[in-house]
Structures are given as structure tokens and as C-alpha cells.
Amino acid sequence: MLMDSSGLAESLELLKQNNLYRSRRVIDSVRGVNVLVDGRELINFCSNDYLGLASHPDVVASFRRAANQYGVGSGSAHLVCGHGREHHALEDELAEFTGRDRALLFSTGYMANLGVITALMGKGDVIYQDRLNHASLLDGGLMSGARFKRYLHKDMHNLQQKMHIQSPGQKAMIVTDGVFSMDGDYAPLQALSALAQRQAAYLMVDDAHGFGVLGATGAGLVEQCQLNQQQVPVLVGTLGKAFGTSGAFVAGSDVLIESIIQKARSYIYTTALPPAIAAATRTSLLYVKQDNWRRDKLKKLVQRFQAGVRQIGLSLMPSESAIQPIMLGGSQQAVQASDYLFQQGFWVSAIRPPTVPQGSARLRITFSALHNEQQVDQLLSALEYLPV
Ligand SMILES: *Cc1c(COP(=O)(O)O)cnc(C)c1O
């Protein structure tokens with residue numbers, strides 16, 4: 001029988017034995033960071049809604065208004081008849097916000113990364129990626145057919161060595177997360193930009209976790225490092241994290257964006273985002289720009305957490321961002337720790353291979369501007385008795 005020879009059941013069993021089996025918890029309701037999950041009231045410490053905008057009443061109202069005007073779905077791909085006024089206006093606003101000529105919306109960050117890399121790079125070219133880059137960047141690199149080289153995490157020396165053997169005239173691209181999604185640390189963007197310019201390589205930065213959170217106006221790590229379009233020519237941001245909505249964009253020069261429109265298959269062959277999502281995101285953008293208090297509060301909560309963790313004697317990873325992982329090593333420890341916190345009323349996910357390298361399973365704790373100090377202290381008290 002097919003089922004017996006396919007080995008599917010056996011490989012599921014193996015995942016379970018190795019504590020690598022993944023399952024979903026069902027959410028019944030959400031009020032900011034308070035969630036009802038599997039019948040339990042929990043405080044959510046694993047969402048990427050860093051600024052708490054997903055539930056902002058004005059963002060929700062914009063969504064509702066646009067759904068009434070345009071319907072729920074976009075009805076088609078952007079290049080057929082799915083590109084609406086709300087999408088177009090959001091693209092203009094994102095371009096202005098990031099200081100780029102133009103921006104182009106994608107339905108998800110995963111698809112943006114596949115589309116951008118495959119549109120720009122192909123057989124005969126070479127791509128350099130940080131070994132801890134997000135899966136969508138790695139997949140885009142593999143899919144492009146370009147030669148694919150991974151360098152040690154944030155290691156400029158290692159990257160330089162690899163680039164040294166690049167053939168003259170060969171098209172090259174350096175690709176990096178801005179804020180690393182599972183570690184929370186920052187890419188050395190200034191050094192990467194200087195190296196890319198010296199080597200005449202593209203630099204692509206995916207700032208999914210910095211966008212909205214970092215920089216004076218929330219325009220991300222690229223703003224914090226003061227890097228313009230020439231210094232970071234390919235900039236990707238996502239909308240499902242700090243912006244609290246859904247989707248993603250790439251920003252850059254006019255000719256870059258036009259090329260991606262013509263060539264990116266994950267742009268061309270898919271239904272456009274719902275226009276109501278674009279409308280909600282435009283409202284989100286207003287709050288990202290004006291609500292400095294959200295970024296300030298987030299920073300304070302993170303500092304309070306870091307000080308508390310040091311007191312307990314657990315070790316932190318070198319992250320200044322809203323992502324504060326606690327490294328446990330084994331997958332079993334990570335799962336046990338996550339289950340224990342769940343019992344204590346905190347939702348913190350265990351991150352295991354292959355999302356992170358072997359032996360580096362961890363708790364990935366994230367903070368939101370909607371948390372309060374008391375909730376952070378409660379989490380710290382629970383962490384003090386972590387069964388590890
Ligand atoms: C979340 C994430 C993505 C994917 O974005 P989606 O919109 O969720 O598909 C891409 N890159 C990084 C670094 C991410 O953290």
C-alpha cells in the first residue's frame with residue numbers, strides 16, 4: 001500500500017521521538033497581548049506585533065471601511081485587475097517613508113524574498129548569504145540558480161574571503177536579515193554596504209523585524225544606520241510584524257522596481273493583497289511615524305527584562321531588539337520550558353531545528369508596546385523556576 005512504502009508515518013514518528021514535531025495551538029480570542037488559547041487565558045510573549053498595532057481601533061476601522069468600499073478580496077493579480085487605489089497609495093507612502101524612489105507590494109514577505117532574488121539573479125551569478133538568514137532568503141537564493149555561498153554569521157572577514165574569489169565581471173549580491181529573526185541581533189549594515197560597493201555587488205536587506213521598530217521614525221535598521229538607496233539598493237520590509245497587518249514590500253530605484261514587476265513570478269502569478277489590508281496598513285503607517293511612545297516603551301520593557309534575567313542568572317543572547325531569546329540547546333529542554341511557561345500562563349514558543357542550527361534550540365521571547373511592567377515581572381518570576 002502507498003502509505004506503507006512512503007515512510008510518512010515513520011518520519012512523523014521520528015520527529016516526535018526527537019522533540020521536533022510541530023503542532024498548532026488554536027486561538028479563540030485576542031485582546032492585545034491577552035489571548036485565550038485552548039481554553040486558557042495567557043499573556044502572549046511570542047507575537048511579532050511589536051507596536052501593538054494589529055488591534056488598534058483606527059487600523060481596524062480603516063480595514064472595515066475599505067472592505068465595505070472594495071469588497072474583501074482584490075479579485076485578481078496586480079497586473080490583471082487587482083491593483084487598486086489603496087495599494088497604489090500605500091506604495092507611494094512606503095517609498096517616501098523609506099526614502100526610496102519606489103516601493104512594490106507583495107502578498108507576503110516570503111514571496112517578496114523569492115520574487116526579488118529570482119528576478120535579479122540567475123545562473124552564472126553569485127549570491128552571498130549570512131548563514132542565519134531567514135528561510136525565505138535562503139530559498140530564493142537556491143531557486144534563482146545562482147551560485148550560492150553562505151558566510152559565518154555577521155563575519156565580515158569570512159565574507160570578504162569568499163568574495164575574494166569572485167570572478168571579475170560576475171554579477172554578485174550580498175543578502176542579509178536586518179534584525180535576525182531568531183537571534184534578535186543586528187546585521188553590520190555599514191560594513192556590508194561598504195564591502196558591497198567596493199565589490200560592485202548588490203546589497204539586499206530584509207528588515208522584517210526592524211521595520212517600524214528601529215530608527216528615529218520607525219523606518220528600520222537602515223534608517224538607524226543612515227543608509228540611503230545607493231548604499232542599500234534593495235530593501236525589503238514586511239507588514240505582518242510591527243505594522244500589525246499583512247504583506248510585504250520591496251523598495252528601491254525606479255529601474256529596480258520595474259524589473260521586479262516584469263520578472264518576479266511570485267509577484268505576477270498571485271492574487272493581490274486585499275485592498276482593505278492596504279488601507280489598514282496606511283493607517284498603521286501613520287501611527288508608526290507619530291507614536292514614538294510605542295518604540296520608547298518597547299525599549300524600556302526590553303531593558304527591564306534584560307536586567308531581570310541577569311539577576312536570575314539565566315544568560316541572554318547579544319540582542320538589543322524586541323526579540324530576546326533564551327538559549328537552551330536541546331529541543332527537549334526548549335519544549336519542556338515552553339510547556340512549563342504555558343502552564344504558568346505565558347505563551348512563549350520553543351524554536352527548534354531546522355529553524356535554528358542543531359543544538360541551539362531556544363525560547364524566543366518577544367515584547368510588545370502593549371505589555372506592561374507587571375507582566376514582564378510576572379514572566380521573570382516564572383523564568384526563575386524554569387525546569388532546565
Ligand atoms: C517573517 C519574516 C519573513 C516572512 O514574512 P511573511 O510576511 O510572514 O511571509 C521574511 N523575512 C524575515 C526576516 C522574517 O522574519
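Each residue, glycine too, has its Cβ placed from N, Cα and C.
What you are looking at is a predicted structure, and each value in this text was computed from that prediction instead of being measured.
Record features (TrEMBL):
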{"type": "BINDING", "residues": "Arg22, His134, Thr355", "note": "substrate binding site"}
{"type": "DOMAIN", "residues": "41-383", "note": "domain 'Aminotransferase class I/classII large'"}
{"type": "BINDING", "residues": "Gly109, Tyr110, Ser181, His209, Thr238", "note": "pyridoxal 5'-phosphate binding site"}
{"type": "MOD_RES", "residues": "Lys241", "note": "N6-(pyridoxal phosphate)lysine"}
Note to self: Between C-alpha atoms, which of these recorded positions comes nearest to His209 (pyridoxal 5'-phosphate binding site): His134, Lys241, Thr355?
What the structure shows: Lys241
Next item on the list: Give the number of CB atoms, excluding that of Gly109 (pyridoxal 5'-phosphate binding site) itself, located within 10 Å of its CB.
Entry: 24
Note to self: List the residues in the vicinity of the pyridoxal 5'-phosphate site, defined as same-chain residues other than Gly109, Tyr110, Ser181, His209, Thr238 with C-beta within 8 angstroms of the site's C-beta centre.
What the structure shows: His134, Ser136, Asp206, Ala208, Gly240, Lys241, Ala248
Note to self: Around the C-beta of Lys241 (N6-(pyridoxal phosphate)lysine), how many further C-beta atoms are within 10 angstroms, looking at every protein chain?
What the structure shows: 29
Note to self: Comparing the binding-site residues Arg22, His209, which residue's C-beta has the most other C-beta atoms within 10 angstroms in this structure?
What the structure shows: His209
Checklist line | Between the residue listed as 'N6-(pyridoxal phosphate)lysine' and Gly109 (pyridoxal 5'-phosphate binding site), the C-alpha gap once rounded to whole angstrom | finding: 10
Margin query: If I restrict to non-local contacts, at least six residues apart, and a C-beta distance under 8 angstroms, what lies near Thr355 (substrate binding site) in its own chain?
Written below: Ala135, Met182
Next item on the list: Count, for each of the binding-site residues Ser181, Thr238, the other C-beta atoms lying within 10 angstroms of its own C-beta, and report the residue with the smallest count.
Entry: Ser181
